[in-house]
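A.B. asks: Below is one structure. I have some questions about it.
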There are 2 protein chains.
Amino acid sequence: MSDQPAVRPAPVSGFPEWLPHVRLVELRRLDAIRAAFERYGFCSIETPAAERLEVLLAKGETSKEVYTLGRAQGSDEGQLGLRFDLTVPFARYAAQHFNELVFPFKRYQVQSVWRGERPQDGRFREFTQCDIDVINVDRVPIHFDAELPRIVHEVLTSLDLPAWTINVNNRKVLQGFYEGLGIDEPLDVIRAVDKIDKIGADGVASLLADRLDQARIESVLALARLRGGVGDVRALGVRSALLDEGLAELDFVLRELADLPEVVADFSIARGLDYYTGTVYEGKFVDWPEYGSICSGGRYENLAGSFTRRSLPGVGMSIGFSRIFAKVLSAGLLDTGPSTPADVLVVLPPDRRRTATATAGALRDNGFNVELYHQEDKVAKQLRYASRKGIPFVWFPPFEDGRSHEVKDLATGAQTTADPATWSRPRT
Amino acid sequence: MSDQPAVRPAPVSGFPEWLPHVRLVELRRLDAIRAAFERYGFCSIETPAAERLEVLLAKGETSKEVYTLGRAQGSDEGQLGLRFDLTVPFARYAAQHFNELVFPFKRYQVQSVWRGERPQDGRFREFTQCDIDVINVDRVPIHFDAELPRIVHEVLTSLDLPAWTINVNNRKVLQGFYEGLGIDEPLDVIRAVDKIDKIGADGVASLLADRLDQARIESVLALARLRGGVGDVRALGVRSALLDEGLAELDFVLRELADLPEVVADFSIARGLDYYTGTVYEGKFVDWPEYGSICSGGRYENLAGSFTRRSLPGVGMSIGFSRIFAKVLSAGLLDTGPSTPADVLVVLPPDRRRTATATAGALRDNGFNVELYHQEDKVAKQLRYASRKGIPFVWFPPFEDGRSHEVKDLATGAQTTADPATWSRPRT
């Protein structure tokens, strides 16, 4: 024991970190997400943590939540800030490297983002987003409006979550429907309806009361309440060319995903009013609707208008990995295991370090994660180490020449002879 | 084409990013590193990008290179800064979570770090470090002094690099040898010898000239020049208890790693003078010695003295992944391939979207990464897309009922019938 330490180690609010057994689950889940993205041929990109502030704020974002970088001793470089989402860096990347990319460009990006907002349930200052986008020059096939939620469905399924849905809508349906009702400023109505989750139908109705007559308000709310298919919208009797276009697009998406019961139409969602122009998506936990979205996205007209004159429309979705993971963890629903990736602990017998090292090597070559015990100790102590770390198997190299290897299954207590080069883990 | 874009997209000096075909190689290599660490039972941890400044600077580091976080609108939180290495956050983590960790605690950590220094060859402002450490309460077995360079050797081997070595020394050997020579302030001599790579033996000699007599300088340089084993040091005829202790430790490490020709003794390296107390390591490219270290580390007395009164000695090594990767890339030695992880492009035949989707699904279930072409296009155009992206196989679902699936190998041009559920990739 030395003197009192100089600094108390303490967490920084909004910047979560995990103990090893939780981190191991997080890592495996992030791997599953990457694997799903790659299974559909999307490529990984990563962009720097820092961008020039003029890049970060190019689309008029408020600078309130953006962390800027400084240096105690000052510096001559331009002002830098930490990315607050993965869309802006992706737009800058696509514009900067335009001539070196193959289009349609399909990318995924799994990285931290930072926002200097007040930490609260599900809101962090550092969190991991998993974004997937397809962009193309001038035109993006409708194909991707269905492929993206299929990929995200695969991801959410792999995460072993409590019940969720991916709700789908189409901005053209909303706008076309309101136009069909003779509403002059459909964007204002969309803005009101977008709040229905928070303020309820009555709240939306009173927001619209000084703008629309009662019949139109009823129609607007009737659409927002629908959860069926395209036919139910048509049955409301409203008509417009834009509505037809939106319904055809939505119908394609819903038909393509008809095998996925978690994908449902929801005519109340609008998402990113100034950004999305067609299909929109929003994923939610069924039992925690107030927790907000766990994934979201949609089709946009132009990704990178601030950075290039090329027109780059796209379809994209973003998975709020940290939000999802933290919620499942805090709800006690995360199935965590050991704090080590090791499958096997190899016991170090007295005076037989070389045999033990060779045994561990053979097991590793055989595909296992293996700890070799680190000093000569009583076997009971070595077993206790394995059991404290949750290592499922303990391997005994021969303690004398001419003896066999043995392996002990700590869960069952069974101990059998085995060959490290050919052993396979018994099924549980 | 819209108006002139508002912001020119441009790289930020010192913050590298890669095109997809380079990123794909980077990702696979980082995966190989993680797999090697886990093969030895080390667990992953990640710590937040930001720490309180008092944590970052607890050990008296200069604040010159530390990026601090600010907010355009100000904030009430304490001052935060970005981590500049993985050791300080690890020390804070170990102290903070001490009661929840199992010791010896073996962790790896692969994360970005940030330093506001002048970018130059091999020096970035954002770069990825891969750290691996074992810490224990009060005492760390010598076992790990040999295990860590074995793991790092496995990692460097997996990275497919031009020739490299991991040089090993022991601080007790240096200090004990100088004590045996009757030198009063061995640390000053170590500090001088540590510069031998940069200033040469003559430079070291003149640094020592006003401190030591010619005979002692000769002895100091004789030790620094040695590249053999422990016996060669003994042959120099100097004796001290500390030297004996250091030579015994070094002998253990060298014997344990005798099967690895890239691991060599080097009696000139000292590394982190105030930190390491026993074994020290430094990896270098054989043909680019001036590029500096590609990995380094050693044994330390106390990891977290600034944050806890517990004594936590350890052994650790850090791999400069970005340094290594950037050098191999800029030397034209990186073997890059396609810009997509896709193994197969499934052609979309006219009016058979459902068949094509099912085919892509079957191939994915069969373990392949698959792009489904995104719109009905001439087959020649679909083939051209595959070849521009470097996708090696193109799959033709039946264009009519009753026909077979066929797969074309773009490298050989061979086209054969196949079943998507059972197809296996031909060996090349």
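Cβ atoms are placed via backbone N, Cα and C, with glycine included.
From TrEMBL, here are the annotated features:
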type    : residues                                                                              : note
DOMAIN  : A:32-349                                                                              : domain 'Aminoacyl-transfer RNA synthetases class-II family profile'
BINDING : A:Asp85, A:Leu86, A:Thr87, A:Arg115, A:Gln129, A:Asp133, A:Arg271, A:Tyr275, A:Tyr276 : L-histidine binding site
A.B. asks: Considering every residue in the domain 'Aminoacyl-transfer RNA synthetases class-II family profile' (A:32-349), what is the mean pLDDT value?
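C.D. replies: Across the residues of the domain 'Aminoacyl-transfer RNA synthetases class-II family profile' (A:32-349) the model's pLDDT averages 93 on the 0 to 100 scale.
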A.B. asks: Would you mind ranking the binding-site residues A:Thr87, A:Gln129 by how many other Cβ atoms sit within 10 Å of each Cβ and giving me the lowest?
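C.D. replies: With the binding-site residues A:Thr87, A:Gln129, fewest surrounding Cβ atoms within 10 Å: A:Gln129.
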A.B. asks: Determine the C-alpha span of the L-histidine site listed in the record, that is the greatest distance between any two of A:Asp85, A:Leu86, A:Thr87, A:Arg115, A:Gln129, A:Asp133, A:Arg271, A:Tyr275, A:Tyr276, in Å to the nearest whole number.
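C.D. replies: Overall maximum Cα spacing for these binding residues reaches 22 Å.
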A.B. asks: In the structure shown, which of the binding-site residues A:Asp85, A:Arg271, A:Tyr276 has the fewest Cβ neighbours within 10 Å?
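C.D. replies: Comparing Cβ neighbour counts within 10 Å for the binding-site residues A:Asp85, A:Arg271, A:Tyr276 gives A:Asp85.
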A.B. asks: Hey, does DSSP put A:Tyr276 (L-histidine binding site) in a helix, a strand, or just coil?
C.D. replies: strand
A.B. asks: Helix, strand or coil by DSSP: which one applies to A:Thr87 (L-histidine binding site)?
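C.D. replies: It is helical.
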